[in-house]
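Visitor: Sharing the record's features from TrEMBL:
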- A:18-440: domain 'DUF112' (DOMAIN)
- A:12-37: transmembrane segment (TRANSMEM)
- A:43-68: transmembrane segment (TRANSMEM)
- A:109-128: transmembrane segment (TRANSMEM)
- A:134-155: transmembrane segment (TRANSMEM)
- A:167-184: transmembrane segment (TRANSMEM)
- A:204-223: transmembrane segment (TRANSMEM)
- A:259-281: transmembrane segment (TRANSMEM)
- A:323-344: transmembrane segment (TRANSMEM)
- A:356-376: transmembrane segment (TRANSMEM)
- A:388-408: transmembrane segment (TRANSMEM)
- A:415-445: transmembrane segment (TRANSMEM)
- A:465-489: transmembrane segment (TRANSMEM)
């Protein structure tokens, strides 16, 4: 049954392919670490190169898969070190990763995130190997109504993020959802809030949004800090370099749960690393955050999104390899790469091109081991980014932001938009908003509206479709439980304390 | 010395957001929809969100919270200078090309972050060239060469 | 660092910068293809087809640049070519039937189809009407009968909004059965992949997709293609699929993939490019590349193609008016 995998390892273990897996992992880490330049660009840029070099299909795919997984590893670096997410999946990583770096624990934080990435990816690749065809059948059971219920669930799981200022959290989320409504309406083709600017027809790009919100506002905040006389102006001290076994063990259940959750979300076509990171983070916060340390540099808050986004990256291979349906933007590009080699992924791929399917899965195993081996010892080196003086670091962030946005759009409007969003992000942060709800609102809100309207278009307006299936009903109940149970427990314990008093 | 206190800031924000909500609602109402297959249509979501936003902002107006410290006038001026530099960068990016515009802006930013002139210029030149190499040769990204050259 | 060494460092780096600058100037003469989309999309592949094909066939010497300019399914690039690079002889922009539809609907802003020089098409894909393998309809006729009886009993889905070319396929199919396209149930997804997943999960019953994206599902027997929206049967793995016309419904939906150039490009450059593409279409190496992308042969260049697109846009305008998309 697993002949294809054994053959696959045979393919992957040739010196050329091992070298390519290594090169891909390295390049991917670099692509992921640079804000705005994510795996999609990496693959799109290197795909024609692989083709012109005349690499055979499986070798090209092994390198591209290395880039893909490498980028998920790399995305966390600027999240932790600079509070600027390197890619979509790494937004939640900033929440606890950066506070850890500020405490002088950048090295261990990078190490832990490498370990959790590895665990998450390994869970997902095992799942991919064992259950891919089965999961693919299950994934298509998710239709618009089920996705809508999933989004309701995701929003209600966000309630745990409310924190000390629930009004501002809610406003942030609403603003995020509103930003997602800009552009051509996906149902009717009507332009919403585009003000006759063609640049806004496709809506506000995710990369423009995160670079503006995080990177540009970070530059402004750094300037403020640099002008402050008190101790905050100091760069964080560099403490120890390696993550301790104790820290890893503290997070073991978090990693396993988040990895599993990330994998499942990744398998569903249409949801990706950003949703996986958000849902796993909020779940872990709910489960583990007894002392209120999440958001202030909790190891588990760092491990959760990292395990989840890597698992989701590997999970999105499931619909691509088994159904020929890309589960994410990046797998869409990989699909294009395969087509260039005259290989059509889909139900027949495992029987028709076993060396490609097996080689790819084997290279995911190898790539992950390479990445762990690459990232653990180098954590200390990467952490030294923090010792770069601000007058070098800030211009660096600025040019990366510009290049990241420019190479995506070849257009200055996107850069102006990034600057405007940056000012907006700065003001929000000064006004005591957290940026995570804005991003979550943006990611989840768009999906929520689209899927609600798709579901109702299918049923002709009958709202019954929204909870008809077992899957959606289950998600509705889970969402309600998330909102009601904590309140109920709160009441119960209040009653108990008043009695005992 | 703070420019304004945080409660005023929250109130100002609340008023601005209510204005934004009104604008969104009026824009959404004026959308012309040829026809829609779903009963919700493209208007309902923005209008609903505008109402929620307005309600939340009202609460904020009544119960403004605390927030961070606002920069002093001197720092605010520097912030504007950074934004101005970034704007100039955007304006010159295609016209002067990547190398020239980046070099200038890197030097300017470094200077604003209190590097000496010498360090600032050296950083500008080295980083512009180094990053150009990294992006074009290393990562295969196309960058503007500058229209003034050709 | 003392000031002396840093000064020499400074000088050295300025010199190095100058050298680099002059080398980057030469690169500016390269041929360029703008893909008006994000990396990986159909337009990206269209640009790669020209870039790889021309290089392999030896029709260009230096690799062609592929630049991404997403926005409004081509609107941003269209405006860019009309506003900024109106006469660049080295620039071509990828386009397809989708661009023609949007031009007809006035979604490219102030500009009309007459504003650019349509260069040529080098491949074509065809629309298809797809159902699940276990669907009750064996032929297009049976589906049409079910639709006539109760249009709301069948949910259509595809990867585009109302007014997009994916929607047009559904609307034209409905119209061929004398059903008001507004009476349909139609669901807009984000791209063909999501629609196909929804079809496999039985959330929608009919998917109006493109032939090229169906191959693996067709081979595995998960889906049935009721009709190809081509003029005549296409070959290869699709040879068994009847056309809609064969079954008595006049619906055709070719999706050409081609290029345009700026409005003020010289006749000389235009002729040179159109000749180059023509040679490409005839090259042996090109057929493999084209087939890898699931495209069928189409070769129309220069003025003939220019007239074809303009006529197509005019046709779409009428259609849009008819179904009530525009006034």
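Residue numbering: from 1, along the chain as shown.
Cβ from N, Cα, C; glycine included.
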Visitor: By Cβ distance under 8 Å, which residues at least 6 away from the ends of the transmembrane segment (A:134-155) in the same chain are close to it?
Guide: 127, 173, 267-271, 275, 278-279, 318-319, 322-323, 327, 440, 444, 447-448, 450-452, 454-455, 458, 465-469, 471-473, 475-476, 478-479, 482
Visitor: Taking the transmembrane segment (A:109-128) as reference, which of A:12-37, A:323-344, A:356-376 has the most Cβ pairs under 8 angstroms?
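Guide: Answer is A:356-376, with the largest number of Cβ pairs below 8 Å.
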Visitor: Would the transmembrane segment (A:388-408) and the transmembrane segment (A:465-489) count as touching if the test is at least 3 Cβ pairs under 8 Å, pairs 6 or more apart?
Guide: no
Visitor: Going through A:167-184, A:356-376, A:415-445 one by one, which has the most CB pairs that fall under 8 Å from the transmembrane segment (A:259-281)?
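Guide: Of the candidates A:167-184, A:356-376, A:415-445, A:415-445 scores highest.
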Visitor: Do the transmembrane segment (A:415-445) and the transmembrane segment (A:167-184) share at least 3 Cβ pairs under 8 Å, sequence separation 6 or more?
Guide: yes
Visitor: Who are the chain neighbours of the transmembrane segment (A:356-376) in space, where the CB to CB distance is under 8 Å and they lie at least 6 residues beyond its ends?
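Guide: Contacts of the transmembrane segment (A:356-376) (Cβ under 8 Å, skipping residues fewer than 6 from its ends): 4-9, 11-13, 17-18, 21-22, 24-26, 29, 57-58, 61-62, 65-66, 69-70, 73, 110-111, 114-115, 117-118, 121-122, 125, 128-129, 242, 314, 317, 321, 338, 343, 349-350.
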Visitor: Given the model, what does the mean pLDDT over the domain 'DUF112' (A:18-440) come out as?
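Guide: Residues in the domain 'DUF112' (A:18-440) carry a mean pLDDT of 86 in this prediction.
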